[in-house]
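Pulled from Swiss-Prot:
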type: BINDING; residues: 70-75, 104-108, 128-129, LYS141, LYS150; note: NAD(+) binding site
type: BINDING; residues: GLU183, HIS246, HIS263; note: Zn(2+) binding site
Amino acid sequence: MQTLHVELGERRYPIFIGSQLDPKQLLEPYIHGQQVMIVSNVTVAPLYLSHYQEALESLGKTVATCILPDGEKYKDIQHLNLIFDALLEAGFNRDCTVLALGGGVIGDMAGFASACFQRGVYFVQVPTTLLSQVDSSVGGKTGINHPLGKNMLGAFQQPQVVLADMAQLNTLPERELSAGLAEVIKYALLGDEDFLVWLEENMDGLVARDADLLAEAVYRSCAHKARIVANDEKEQGERALLNLGHTFGHAIESYLGYGTWLHGEAVATGMVMAADLSQRLGWISNEDVARTKKIIQRANLPISCPQIPLDDFLGYMAHDKKVLNGQLRLVLLKQLGQAVITKDFDVELMKQAILANQHG
């Protein structure tokens, strides 16, 4: 097992990364009250809920559960309310802990619920997908979608502890594994060319679910995110670099309808668009773009999206949270392994990059 700490000034919390982690031993120091609400979904709960429930009950905790439907399209205010209903019906108080057992949607919703319930209760993350292990479970961003935009309602809510268990990735569908690899590739492209070389050497093993390679990929990804979050917890500056591919990707997700494409699939094509625009701006070479596309394809991810009318695409991009004073800011590549956030780009070139990476 490897342990990584996220340092946040006065606070810090551990991320435990390994296979067949023992929840009783690892969670005990981080569950402060007697009451624990496990939030999961209909896919994950039959696989792992009893394991965590029994571990917590053996510690003398009162455990209640809230099982939600599975999918991005349920990340909304109606389903958030179901968590509040469960907490209130169980009679839970301000010392309770909300434990997220699932992927990014469950983590986002359970975390947001924990931030709101009685103005904030304890939160624990047990991410069961690769995407949530390397991205959404680290750094405290929580929230839900609104019909007019993704993640428009939310809060920063740091967990007490994160348990990333590689054994849980064995039950992950191929598509979900690939979606997680998109975020792993993102860390390499935005800040670590050595990691990109490592991914190029080991991608076949990652796709084949080699537990040791996955643990290394999760550790290196989380270490990158932890460093950035430590410097910029509330996304005032550097943390926005973690959105490489996301402004384009969110537009794809929003147009196609949440859940049609997985978040990681949309981010993968978004990173291709960002690389394409970076090349058009003269920052990276054609070879760099080809290298970006190749590693994304080797992870079984899309490098182009269906045709989306340009006005619609740009409309969704305008809703992005990185818009400042009416100006769209994009995360682009100065070179592979070095991203920048910038508003200095030619909109016509951006349109070309979008259109060049759509298929009929």
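Every residue, even glycine, has its Cβ placed from backbone N, Cα and C.
Worth saying up front: this structure is predicted, and the values here are computed from it rather than measured.
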By CA distance, which of the binding-site residues (GLU183, HIS246, HIS263) lies nearest to ILE106 (NAD(+) binding site)?
HIS263
Helix, strand or coil: which one is HIS263 (Zn(2+) binding site) in, per DSSP?
helix
Any idea what DSSP makes of ILE106 (NAD(+) binding site), helix, strand or coil?
helix
Can you name the binding-site residues among GLU183, HIS246, HIS263 whose CA is within 10 A of the CA of GLU72 (NAD(+) binding site)?
HIS263
Residues that sit under 8 angstroms from HIS263 (Zn(2+) binding site) by C-beta distance, when 6+ apart in the chain:
GLU72, GLY104, LEU131, ALA179, GLY249, GLU253
What does DSSP say about TYR74 (NAD(+) binding site): helix, strand or coil?
helix
Neighbour count (Cβ, 10 Å) for LYS150 (NAD(+) binding site):
23
Whole-number answer please: how many Å between the C-alpha atoms of TYR74 (NAD(+) binding site) and HIS246 (Zn(2+) binding site)?
20
According to DSSP, does GLU183 (Zn(2+) binding site) sit in a helix, a strand, or coil?
helix
Restricting to the same chain and to sequence separations of six or more, state which residues have a Cβ under 8 Å from that of HIS246 (Zn(2+) binding site).
VAL267, GLY270, VAL331
So if I measure Cβ to Cβ from ASP108 (NAD(+) binding site) and keep only same-chain residues at least 6 apart in sequence, which ones fall under 8 Å?
LYS75, SER136, LYS141, THR142, GLY143, ILE144, ASN151, GLY154
Centre the Cβ atoms of GLU183, HIS246, HIS263, go out 8 Å, and tell me which other residues of that chain have a Cβ in range of the Zn(2+) site.
LEU131, ASP135, ALA182, LYS186, GLY245, GLY249, GLY264, ALA266, VAL267, GLY270
Name the secondary structure element type, per DSSP in three states, that contains THR129 (NAD(+) binding site).
coil
